[in-house]
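According to TrEMBL, the domain 'G-protein coupled receptors family 1 profile' annotation covers 26-297. The region 'Disordered' annotation in TrEMBL covers 340-362, 368-387. According to TrEMBL, the feature transmembrane segment maps to 15-34, 46-68, 127-148, 185-209, 236-258, 278-299.
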Amino acid sequence: MTDGYTAASYLAKGVPPFMIVFGTFGNILSIFILTRKNIRQSTCTVYLVVLACSDLVVLYTGLLRTWISATFQNDIRTHTSGLCKVHTWLVYVSLDFSAWILVAVTAERVALVWFPHKAKAKCTKKSAAFVITPIFVCLMLINSHILYGMDRVVKVDGNSTSILCDFVTENYRYFFDELWPWVDLTIFCGLPFCFLVAGNVLIITKVFASQRAARRQVVPHDPNSRAQRSQMSSMSIMLICLNCVFMLCTTPVSIYLIGYIHWYRGASESIKATLSLFWTLVNVLMYANNTFNFLLYCMSGSRFRAEVKLVFSNVFGLHNRSNRKQNTIQRKIGDVDRARTTTVPLEEQGRNTGRSKDNNNFLSVVSQPKNTDCDSRTHSQIISTNV
């Protein structure tokens, strides 16, 4: 095994567990924070909650399968024909869905920034559901060809037999290798990239124009309008950061999938090892987009960050108050016990033997030791070749 294959194997085995744990914690906490009363009033939070759910699906379908395949040489897609079809299809749909949820929330934010009065009346939680549902249905249909073209295949090569999640026909192989990467690039990255860039430019232009207009005003500001502008600015900045990270994380994997089939043909073993390493890197980068959104929310969203601080302060504050209350009760019990001992008659003191049922031995705890191819957007042959 060359250095490229070794490095790719280490990355595929070592990085995904951390990303899955952190992504699970971050996305669940994001859902909890975004559904709290102080933040959920904004319709944009509906999209962000759906985005967090979609990111969880991505992590537990694509990234988890990558780690299991690299660590245990066990591709879950090869277990049954249904798993091969549905799992591959679900990875594509969930990744595309996360991208287009960002497009939808950006479009709504543009409307709220440029046409605040009209948009507030029309952009409701019900309208958000009407937007999300058609997006999801369209993406399911666009990727539905996978349910036909992929299947569990048993291949015999001399004395060796291998089971793969592979293409059912050579025509579909040609479509998936030569044509589909361009379609996938357009759906997953190209169109979202264009919409997000345009939306970010419109948001930034309007926010800067509003800030300049606010500085020129001589009349004292209304505190309510100032707070409203601050909330809108916070959400806009957070959304711009999400969009920029999405574009940085998803563009490399889309470019790789277009060039892979051409780079791999006739390549030497060292080039193939390098391609394997690059494939692992672009996959890790792609899944980072679904893992670290919680950090982006905290770093760029002042409202979200304030709500996180409030949640943690309440949790630890309640814990501290509980401890203080328990200590106070213990002190009172101790004072009563001391008072009782000081009032015991002299003739009764001789009867005390010093033994007590609430001896510390009854409260001791004995602890016993406990027994103690990275493939996301292409077929599983790459796994068996590269990892």
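Along the chain as shown, the residues are counted starting at 1.
Glycine is treated like the rest: Cβ placed from N, Cα and C.
TrEMBL labels come from automatic prediction, so no person has curated them.
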- Query: Among 15-34, 127-148, 236-258, 278-299, which stretch has the most Cβ pairs under 8 Å to the transmembrane segment (46-68)?
  - Reply: 15-34
- Query: Any chance the transmembrane segment (15-34) and the transmembrane segment (278-299) have 3 or more Cβ pairs under 8 A, given the pairs are 6 or more apart in sequence?
  - Reply: yes
- Item | Overall pLDDT of the domain 'G-protein coupled receptors family 1 profile' (26-297), taken as the mean | 85
